[in-house]
Amino acid sequence: MKIDVIPLGTASAVPTDERHLSALAVERKGQVLLFDCGEGTQYRLREAGLSWARIEAIFVTHLHGDHCYGLPGLLSTMELQQRADPVTLVLPPGGPAMLRAVPGATPARLSFPVHVVEADAAGTLGTVYETDEIAVEARRLDHREVFAMGFRVAERTRPGRFDPERARALGVPEGPAFGRLQNGCPVTTPDGTTVRPGQVLGPPRPGVVAAYVTDTRPCAGGRALAEEADLLYHDATFADDHAARADETGHSTARQAATVAREAGATRLLLGHLSARYPDPAPQEREARSVFPAAEVAEELRRYELDPREKEPDPVGPADES
């Protein structure tokens, strides 16, 4: 199932005429995961054609205002619009306390179910959200003394494609037996022969991976999240001319983001969290492409489509006999 990654806000610290405060949506099967929620995110969701009612989970990287001050308002809107479906909030240490300080946004007082996951201050992270089809992993980043985390959305590997012709050749009757094989269960043919899934299924099909790594120096956590990602959104606050400033403030340059993408084996790189000091981000894009050609400045409201069919292995026959 394809995934759309939609940058809603790609500015650093303050909005500009062209860029808005940090937020990024991942849409799959009409359901939305929201990463960061700076001021104005509700407007950006509307402009992107994304309904707040379809948000299943919200992930906040850290408690700097440009990444989280839109969250109380979004929760209040959900309350006012009589939301009934549950929502999961994955927050850094202190996140729940911040919401409790805002009337109308305290999770325990909202009329819809809210599941709060507060990251361990010691940085013990891992899988913070999962369904039958996807998992979201969090890792600690390096944003000076501020606790910050990045996220990796990964579809689960799916069984290989079912070969009905081979199943018939092995004596499997059409009907429920086909379904059992596709679900990974062996079946017995009318003549008593056991047919196993590996005899009629192609190689396993990997799902797509998107990583959100922002407000960080280059670090081990960010590289791990970016490992073989189909799409990596990475902090590129500064160009090379302010590399020292990037290190001082706990950010990355565009070239450093590209180096992370290259070393991690990512497929595509989106440069985000861009400083307002660069009205034209073309120099940052050029610097990144000199290291990693598949880099580009993130375009707000554009849908970056990730299709798992593009990753499917060639149908070279049954994967095994088990």
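Any Cβ shown, glycine's included, is placed from N, Cα and C.
Quick look at what Swiss-Prot lists:
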- D66: active site, proton acceptor (ACT_SITE)
- H62, H64, H143, D215: Zn(2+) 1 binding site (BINDING)
- D66, H67, D215, H273: Zn(2+) 2 binding site (BINDING)
- 300-314: compositional bias 'Basic and acidic residues' (COMPBIAS)
- 300-322: region 'Disordered' (REGION)
If you take the centroid of the Cβ atoms of H62, H64, H143, D215, the listed Zn(2+) 1 site, which other residues of that chain have their Cβ within 8 Å of it?
T61, L63, H67, L141, V146, A148, T214, T216, G250
Here the recorded positions are D66, D215; the one whose Cβ sees the most other Cβ atoms within 10 Å is D215
H67 (Zn(2+) 2 binding site) to D215 (Zn(2+) 1 binding site) - Cα separation in whole Å
10
Would you mind checking how many other C-beta atoms are within 10 angstroms of the C-beta on H62 (Zn(2+) 1 binding site)?
25
Test of understanding: give the count of other CB atoms lying within 10 angstroms of the CB of H273 (Zn(2+) 2 binding site).
29
Taking DSSP as the reference, which of helix, strand or coil describes H143 (Zn(2+) 1 binding site)?
strand
State which of the following binding-site residues has the fewest other Cβ atoms within 10 Å around its Cβ: H64, H67, H143.
H64
Specify all same-chain residues, apart from the site residues D66, H67, D215, H273, whose Cβ lies within 8 angstroms of the center of the Cβ atoms of the Zn(2+) 2 site, ordered by sequence.
S12, A13, L21, S22, D36, G38, T61, H62, H64, T214, D235
Quick one: Cα separation, H62 (Zn(2+) 1 binding site) versus H273 (Zn(2+) 2 binding site), in Å?
14
